[in-house]
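Each remark here refers to the structure printed beneath this line.
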Amino acid sequence: MNKILEKEHFSENVVKLVVEAPAIARSRKPGHFVIVRACENGERIPLTIADADTVKGTITLVVQNVGVSSGKICSLEPGESLTDVVGPLGQATHIEKVGTVVCCGGGVGVAPLLPIIKAMKEAGNKVITVLAARTKELIILEEQVRPYSDEVIIMTDDGSYGTKGLVTNGVESVINREKVDLVVTIGPAIMMKFVSLLTKKYDIPTMCSLNTIMVDGTGMCGACRVTVGGKTKFVCIDGPEFDAHQVDFDEMLMRLRSFN
Amino acid sequence: KERTSIPRVKMPELDPAYRITCNEEVNQGLSAEAAVLEATRCMDCPDPQCVTGCPVSINIPGFIKNIERKDFHAAAVVLKETSALPAVCGRVCPQEKQCESRCIYHKMKKEPVAIGYLERFAADNERLCGCHAVPETAPKNGIKVAVVGSGPAGLSFAGDMIKRGYDVTVFEALHEIGGVLKYGIPEFRLPNEVVDVEINALAALGVNFVKDCIVGKTLSYDDLHEMGFKGIFVASGAGLPRFMGIPGENYIGVMSSNEYLTRINLMGAGRPDHDTPILKGKRVAVIGGGNTAMDSVRTARRMGAESAMVVYRRGEAEMPARAEEVKHAKQEGVEFLTLHNPIEYLADEKGRVNMMRVQKMELGEPDASGRRSPVPIEGAIIDIPVDLVIVSVGVSPNPLIPNAIPALEVSRRGTIVVNEGTMQSSLSDIYAGGDIVRGGATVILAMGDGRHAAAAMDAKLSE
Ligand SMILES: Cc1cc2nc3c(=O)[nH]c(=O)nc-3n(C[C@H](O)[C@H](O)[C@H](O)COP(=O)(O)OP(=O)(O)OC[C@H]3O[C@@H](n4cnc5c(N)ncnc54)[C@H](O)[C@@H]3O)c2cc1C
Ligand SMILES: Cc1cc2nc3c(=O)[nH]c(=O)nc-3n(C[C@H](O)[C@H](O)[C@H](O)COP(=O)(O)OP(=O)(O)OC[C@H]3O[C@@H](n4cnc5c(N)ncnc54)[C@H](O)[C@@H]3O)c2cc1C
Ligand code: SF4
Ligand code: SF4
Ligand code: FES
Ligand SMILES: [Mg+2]
């Protein structure tokens with residue numbers, strides 16, 4: 001049982017939870033995730049560790065309500081508990097000083113991006129963050145990414161905030177303007193697919209973080225498998241981050257619809 | 001002689017038509033009368049070969065003669081001397097290849113004594129009569145030992161060490177204790193209750209169980225040292241599913257047996273009020289011929305599959321599954337497509353599998369395993385419509401611990417290398433046993449490893 005200490009609504013469907021998990025707080029690194037069960041009889045779902053406080057022994061999760069299990073987690077209040085939280089899982093992000101890094105996140109993908117933005121900045125990179133959403137209300141974590149970003153570009157589909165356009169338009173404007181050494185993209189699979197196609201055109205190394213369907217998160221079931229560079233990989237143990245140019249996004253998009 | 005003319009007891013079973021509608025245990029267990037009569041068959045051989053067939057050398061005539069004497073409690077005590085989990089092994093050991101294969105009755109061209117059924121009877125009787133004797137435990141010695149994984153290897157190690165006075169903590173990655181006994185082997189073959197009684201007994205003796213904790217991730221090797229653990233027993237199993245690497249294997253509806261069984265057994269998928277989803281096939285193919293394949297295909301029948309088949313590349317004689325599981329699967333209407341091997345899966349426009357392309361095989365020369373190896377018959381390829389495929393072609397050792405502790409010596413297959421006698425690894429405070437050392441093996445071997453490791457670690461720590 002892991003107690004929820006704080007809760008904040010980032011938007012109607014996105015909440016931030018600060019959860020008691022001292023051992024995980026201590027051992028986690030940027031890029032890691034946890035598997036959570038909201039209740040007995042609940043499903044095991046993966047959520048990125050957006051932040052951690054080793055002193056308080058807490059981790060921060062940012063959860064978007066997209067269905068049954070994420071909905072149950074979003075409905076929990078401070079004082080209530082998650083039945084299970086296990087982690088940290090996956091490979092930590094490879095952080096290195098490469099020069100200029102464009103970090104682009106869509107929707108709730110900004111949550112897993114935040115620790116990477118921080119770490120990239122702390123490693124001495126110039127960090128340009130591109131946040132994208134359908135509309136103004138869905139832009140999250142803008143205040144949290146600002147201190148670690150040399151520049152923040154906001155893109156909305158409807159132009160209600162920042163620049164009107166897709167995440168790819170924002171990234172391309174940077175590429176056209178200056179030398180970009182690395183692109184990190186996290187968001188819906190379809191968004192990562194198009195960012196990847198764009199950066200492939202410009203031959204810029206690109207890292208993505210995949211959100212496949214999972215069960216155990218420890219390599220036991222194979223539900224999370226994707227094809228990367230023609231080989232089957234398990235996202236939970238080999239990932240979640242991969243070279244985006246090698247990922248078969250169409251297969252991943254198909255597999256995400258397994259239960260729809 | 002009178003004894004030898006008694007026919008081997010038949011296990012009462014649920015009716016196949018009924019049992020595929022539910023998850024109830026198929027084997028109903030022997031009545032006391034039936035068990036005593038079966039026990040009478042055992043001739044208490046002076047040099048009992050059955051014992052040599054048991055991987056942990058259970059005193060088989062010893063426990064059976066107690067059943068014959070109607071001293072069922074004494075029978076259970078004899079079993080517990082050697083086995084931590086007799087109610088489990090009595091149910092899941094491949095007896096026909098182990099103890100029962102060596103029974104003297106074979107020499108008389110008769111069916112062997114039903115050692116497994118009797119073992120289960122004695123253990124169940126002990127559990128159900130409530131006379132579960134609390135084992136004697138040595139005074140606490142204050143030495144902390146850690147166990148990684150709560151399958152049969154970890155549980156038996158924990159039991160032996162707590163009895164020796166150690167302070168024992170079992171770390172389990174999942175949210176349930178029991179390993180494959182819980183997430184793999186289905187309820188209709190091994191009810192969770194049977195396993196839970198053993199786990200509760202260990203907890204009552206003072207074993208500390210920590211769920212949702214992955215050693216190598218949540219806690220490092222150094223963390224365990226900092227926490228004061230003087231010995232570590234790694235029993236992390238062979239959890240990694242293998243796929244065949246054939247085209248179409250990532251289509252929707254093709255999954256590992258681990259995924260299928262975990263969703264259903266551990267997560268309760270398919271039951272009301274459980275959130276985990278499951279794909280229910282009408283035409284289900286399970287690839288492989290082991291216990292896992294039988295468990296998957298029989299589960300598929302219970303999940304409503306109209307047609308469920310086992311596709312296996314060798315012949316029925318070569319199937320590694322327990323004979324009883326194959327028999328039960330057939331009774332339940334499972335079809336067996338032996339000497340066939342899938343080479344590709346096809347799917348509809350949404351990526352849902354709808355066809356399996358299989359290659360017909362014939363048996364050639366014996367291979368390294370001594371079994372005749374299957375060879376493709378050129379041009380003999382057929383397509384079979386399917387809507388769910390469960391790949392059950394084996395597992396590899398769980399790489400979590402070897403990855404987290406690079407100094408640990410592992411074999412090319414990824415198993416942890418240990419000294420066979422002591423189960424000690426290349427790191428002096430780490431011992432290992434069960435599937436992480438053997439690759440996919442059996443419950444009884446895992447349990448035996450746990451006991452051997454406990455004895456050796458105790459000897460070392462009390463030096
Ligand atoms: C490594 C990793 C990190 C993630 N981090 C976050 C995070 O920080 N915040 C967040 O809100 N979400 C995150 N996700 C996605 C999150 O796990 C899913 O949104 C969630 O599992 C959906 O479950 P549900 O029952 O609410 O939705 P469902 O009703 O089951 O499905 C709704 C939609 O979500 C997709 N989905 C279903 N199950 C999963 C699953 N296990 N993983 C991914 N997608 C799924 C389905 O394709 C479906 O379209 C992460 C996923 C992964 C793999
Ligand atoms: C479906 C199925 C049916 C089977 N049927 C039979 C049968 O009929 N008869 C038979 O004899 N054998 C059978 N087997 C094989 C038998 O179950 C295994 O040989 C046995 O369970 C191995 O025991 P173990 O203790 O080594 O590991 P497991 O039972 O695999 O347990 C390992 C445990 O360790 C946990 N773990 C792994 N890594 C970590 C970590 N880093 N930190 C914490 N915990 C960790 C895992 O979550 C798991 O719970 C079957 C196997 C399967 C899958
Ligand atoms: S433990 Fe298994 S092999 Fe040994 S006697 Fe019992 S059933 Fe037979
Ligand atoms: S070999 Fe058969 S008859 Fe002889 S002791 Fe063993 S079980 Fe009894
Ligand atoms: S989630 Fe089960 S193997 Fe990755
Ligand atoms: Mg769900």
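Glycine residues also receive a Cβ, built from the backbone N, Cα and C atoms like all the rest.
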Just to be sure I read the record right: A:C221, A:C224 are listed as binding [2Fe-2S] cluster in TrEMBL. Which of A:C208, A:C236 is listed for the same site?
A:C236
Per-residue Cβ crowding (10 Å cut-off), top of binding-site residues A:V63, A:C221:
A:C221
Close-lying binding-site residues around ligand 5 among A:V62, A:Q64, A:C221, A:C224, A:C236, where CB distance stays under 6 Å:
A:C221, A:C224, A:C236
So which one is it: of the binding-site residues A:V62, A:C224, A:C236, which has the fewest other Cβ atoms within 10 Å?
A:V62
Listed binding-site residues (A:V62, A:V63, A:Q64, A:C221, A:C224, A:C236) that sit near chain B [CB under 8 A]:
A:C221
Intrachain C-beta neighbours of A:Q64 (FAD binding site), sequence separation six or more, cut-off 8 angstroms:
A:N13, A:V14, A:S70, A:C74, A:G107, A:V108
Restricting to the domain 'FAD-binding FR-type' (A:1-95), what is the model's mean pLDDT?
95
Which are the residues of the chain, A:V62, A:V63, A:Q64 excluded, whose CB is within 8 A of where the CB atoms of the FAD site average out, their centroid?
A:F10, A:V14, A:V15, A:K16, A:L47, A:L61, A:N65, A:S70, A:C74, A:V108, A:A111
